[in-house]
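Feature annotation from Swiss-Prot assigns shikimate binding site to 15, 16, 17, 62, 87, 102, 219; the stated evidence is sequence analysis. The active site, proton acceptor feature in Swiss-Prot is assigned to 66. Sequence annotations record features per position, and here Swiss-Prot assigns NADP(+) binding site to 78, 126, 127, 128, 129, 130, 150, 151, 152, 153, 154, 155, 217, 240 based on sequence analysis.
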């Protein structure tokens, strides 16, 4: 009998995950289906029971359930306990094991381009949901230091504490304090939602050049003002869809124990734009 997979969250109708995973199933002739399943914020427990009833084989978790879902897991992978959030779950006869593929998904496009992360100075804009996985990724790859710039300094300070706990030198500033300092960093990452509504770049790229890597995790629109401004300075740019694809590939491999058909998944993802 075919296996069923899902993505849960609210809102969920804009999710690109069903397209990406369905394309992978077609490419490899797997008897599987993937559905988007809306579970409102305060109905997670009932939603999970519903998934168990249909003998779900695995599911992705998105906003607003990534932290709350931790309570319902029977087992957790180390990526999950480190980041404190879950985005991929395997269900083995109703026994739920959680993983977090955001860190690997984030690092994947950097590795594909052979970008040297070790000893790099990083500027991270934003301290929200994805930021913790990004900090964990830079710690794992032995970045030299990370400056966390956020609208409110408190959230940035919390993330600095987390970074130091996992042996990554870190400091916090507000986004306004970035000023003309972008040129002092090897890698600059936007993990805020600025760009989703076509807003202009939150920082100046004065002095940035082709040696700088600029990465935006916002994936719609694909070409944010942040990336356009970086491109004008000849920086190496990484698109948000690449992280989305990286984490989907990792989730596929966890569920199926085989290499994911990267190109088929990429084509399906880009077709959704």
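Backbone N, Cα and C define each Cβ position, glycine as well.
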Sequence-distant neighbours of residue 154 (NADP(+) binding site) in its chain (C-beta under 8 A, six or more apart):
none
Alpha-carbon distance [residue 66 (active site, proton acceptor); residue 150 (NADP(+) binding site)] in Å:
21
Rounded to a whole number, how many Å is the Cα of residue 16 (shikimate binding site) away from the Cα of residue 127 (NADP(+) binding site)?
24
What is the separation, in Å, between the Cα atoms of residue 217 (NADP(+) binding site) and residue 15 (shikimate binding site)?
15
Measuring CA to CA, name the entry from the binding-site residues 78, 129, 152 that ends up nearest residue 17 (shikimate binding site).
129
Residue 102 (shikimate binding site): which of the binding-site residues 78, 127, 129 is the nearest Cα neighbour?
129
Round to a whole number and give the Cα-to-Cα distance in Å for the pair residue 219 (shikimate binding site) and residue 129 (NADP(+) binding site).
15
Would you count the other CB atoms within 10 A of the CB of residue 152 (NADP(+) binding site), including those on all shown protein chains?
10
Here the binding-site residues are 16, 127, 217; which one has the lowest number of other Cβ atoms no more than 10 Å from its Cβ?
16
Just give me the nearest neighbour of residue 87 (shikimate binding site) among the recorded positions 66, 127, 129, 152, Cα to Cα.
66
